[in-house]
Amino acid sequence: MAWRSQSCKRPSYPTAIWSMTYHLVYADATAKELLRAAYQVRQRAYAPYSNFKVGAAFRAKENSREIFTGCNVENAAFTPTSCAERTAITKAVSEGYRQFSSGAVVAYKPDVFISPCGVCRQFIREFAGSTDIPIYIAQANDAQSQQEQQEEPFNSDDPILCTSIFNLLPHSFHTY
């Protein structure tokens, strides 16, 4: 019976970053840069079926200057649709990067933050290892003109959700 108590021991999980909501004015330069990059790439989303555009950006850990972006690309068969987060990370992996220091997701739905879907959460978690990755989530401001969006896509009082992959996917599947 001793083996049962050993196999049922609660595994230790890495410490997660706290989740909090604050205004863009309080965000650091990294968060702002990632959110702007995610916003810009969101404009290129191919979403003819849902009209729901999403942009994502991830900063590579190996080179803190390198940001990889992705947008959602829909398909009539739905299953082959690629989410923005997976597109960004796949681009990074194809360029030789496999660790990330932070990420951002931008979409729009009134009064709600749009976080990564379950598949994307597991995909991000795959590259987190034992280190949590902060994820900044903001709403796109679709009411702005194209000119305003190019200059500054967010207002200083826009809310930002700062969470992390360990908060979004607690007790996740991993092989280590």
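Note that the numbers count up from 1, one per residue, in the order the chain is shown.
Every residue, even glycine, has its Cβ placed from backbone N, Cα and C.
Automated prediction, rather than curation, is the source of TrEMBL annotations.
Under the heading active site, proton donor, TrEMBL lists Glu85. Annotation comment: TrEMBL describes Cys83, Cys117, Cys120 as Zn(2+) binding site. Residues or ranges marked as domain 'CMP/dCMP-type deaminase' by TrEMBL: 29-148.
Counting other Cβ atoms within 10 Å of each Cβ, the binding-site residues Cys83, Cys117, Cys120 show the lowest value at Cys117. Surrounding the centroid of the Cβ atoms of Cys83, Cys117, Cys120, where the record places Zn(2+), the chain contributes additional residues within 8 Å, namely Ala84, Glu85, Arg86, Pro116, Gly118, Val119, Arg121, Phe123. Across the domain 'CMP/dCMP-type deaminase' (29-148), DSSP helix (H, G, I), strand (E, B) and coil residues number 37 helix, 28 strand, 55 coil.
Cα spacing between the residue listed as 'active site, proton donor' and Cys120 (Zn(2+) binding site): 6 Å, rounded to the nearest whole number. Of all Cβ atoms in the shown protein chains, 28 besides its own fall within 10 Å of the Cβ of Glu85 (active site, proton donor).
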